[in-house]
Amino acid sequence: MATFAKVMLLLSSVATFGYTFFVVGKLMLFLSTPRSISKAHTWIFNLLDNKSRLETAYGPIVFDTLYLIGFIFQHSFLKSALVKNLWRKLGLAAAERTIYSLTSSICLHYLLKNWLPAQSIVLWQVDVDESAPLWWTFVVTHGLGWAVIFGGSLIMDLPELLGVKQVYYDLKEYGEPVAYKSSELRNLYSHVRHPSFVGLSVILFATNVMSLDRLLLASLLTVYMYVAWSTDDKDVAYQKQQLRNKKHELKAQ
């Protein structure tokens, strides 16, 4: 009976893995699709000349802020010791990361589905449709940003990151996956659980239309990442050492 429950948990974890990829795909389209230019936009510096544009943005900005707060709260609260201890008491310690990934994906999916644009006010706008070099610059910049994020996720062990490996190891009665990693890497993972601050920040701010809602999204998520990702000197030294080791391995080949 216990084995059956673990198998069902593993299937749920695999389903969560697939759902997370689906939501991330929607996030990529949401953040990286070039936005069309509208003459109805009002430059943020001209608000005094057209205050009605600001008034029409109130509603979307309020709701979008609530969506972001909900996502950030979920992302932080489910990492707390209180919640982790709760899963442990319920016998769901192995599913902790799967539950975290699932709830994160649900919150993000809800945010993307209900996001309200506030495009009556813009900080800047660049018409990339009329210029092939600008369009390719936009696409390549975002492509590189996503490549860094996905590459970093693979390096950081994507199945473990999304919780599949923990459930599988529990089914096979192995130790926790993190137990097989070095103490330096475990310390790094406790401070930064997924990449990449620079890559995601570039994607958030490198938009051809910086509307008020996009500015809100980019600013709040960047500040949250900066506060939540608390790397220390040991983490930096560890990553530098790993880079030196990798360069040495490549030269030796």
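These residue numbers are counts, starting from 1, taken along the chain as shown.
Every residue, even glycine, has its Cβ placed from backbone N, Cα and C.
The feature topological domain 'Perinuclear space' is assigned by Swiss-Prot to 31-56 (among others), with sequence analysis given as support. Within the model, the topological domain 'Perinuclear space' (31-56) shows a mean pLDDT value of 64, rounded to a whole number.
Summarising the annotation, Swiss-Prot assigns topological domain 'Nuclear' to 79-96 (among others).
Summarising the annotation, Swiss-Prot assigns topological domain 'Perinuclear space' to 114-132 (among others).
Residues annotated as topological domain 'Nuclear' in Swiss-Prot, with sequence analysis given as evidence: 162-188 (among others). Nonlocal intrachain contacts for the topological domain 'Nuclear' (162-188), taken as residues 6+ away from its ends with a CB within less than 8 angstroms of a stretch CB, comprise 3, 6-7, 9-10, 13-14, 16-17, 20, 94-101, 231, 234-235, 238-239.
Long-range contacts of the topological domain 'Perinuclear space' (208-213) within its own chain (CB-CB distance under 8 A, at least 6 residues past either end) are made by residues 34-37, 41, 44, 57, 60-61, 64, 115-128, 134, 138. Taken from Swiss-Prot, the feature topological domain 'Perinuclear space' applies to 208-213 (among others).
Tertiary neighbourhood of the topological domain 'Nuclear' (232-253): same-chain residues 184-185, 187-188, 191-192, selected by CB-CB distance under 8 Å and a gap of 6+ residues from either end. Positions annotated as topological domain 'Nuclear' by Swiss-Prot: 232-253 (among others).
What Swiss-Prot records for 3-30 (among others) is transmembrane segment. Residues 94-95, 98, 101-102, 104-105, 108-109, 112, 115, 146, 159, 162-164, 166-168, 170-171 of the same chain sit 6 or more residues outside the transmembrane segment (3-30) yet have a Cβ under 8 Å from a Cβ within it.
Residues or ranges marked as transmembrane segment in Swiss-Prot: 57-78 (among others).
Taken from Swiss-Prot, the feature transmembrane segment covers 97-113 (among others), and the record attributes it to sequence analysis.
Per Swiss-Prot, transmembrane segment is recorded for 133-161 (among others), and the stated evidence type is sequence analysis.
The transmembrane segment annotation in Swiss-Prot covers 189-207 (among others) and is backed by sequence analysis.
Sequence annotations record features per position, and here Swiss-Prot assigns transmembrane segment to 214-231 (among others).
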Which sequence positions outside the topological domain 'Nuclear' (79-96), separated from its termini by at least 6 residues, show Cβ-Cβ distances below 8 Å to it?
6, 9, 12-13, 163, 166-167, 169-170
Count, for each of 57-78, 97-113, 133-161, 214-231, the Cβ pairs lying under 8 Å from the transmembrane segment (189-207), and report the range with the highest count.
133-161
With helix taken as DSSP H, G or I, strand as E or B and everything else coil, how many residues of the topological domain 'Nuclear' (232-253) land in each class?
20 helix, 0 strand, 2 coil
Quick test of the contact rule: Cβ under 8 Å, at least six residues beyond the ends. What residues does that give for the transmembrane segment (97-113)?
9, 12-13, 16-17, 19-20, 23, 26-27, 30, 67-68, 70-71, 74-75, 78-79, 87, 160-164, 166-167
Chain residues outside the transmembrane segment (214-231) and at least six past its termini with a C-beta under 8 angstroms from it:
61, 64-65, 68, 72, 75-76, 118, 123, 188, 191-192, 197, 200-201, 204-205, 207
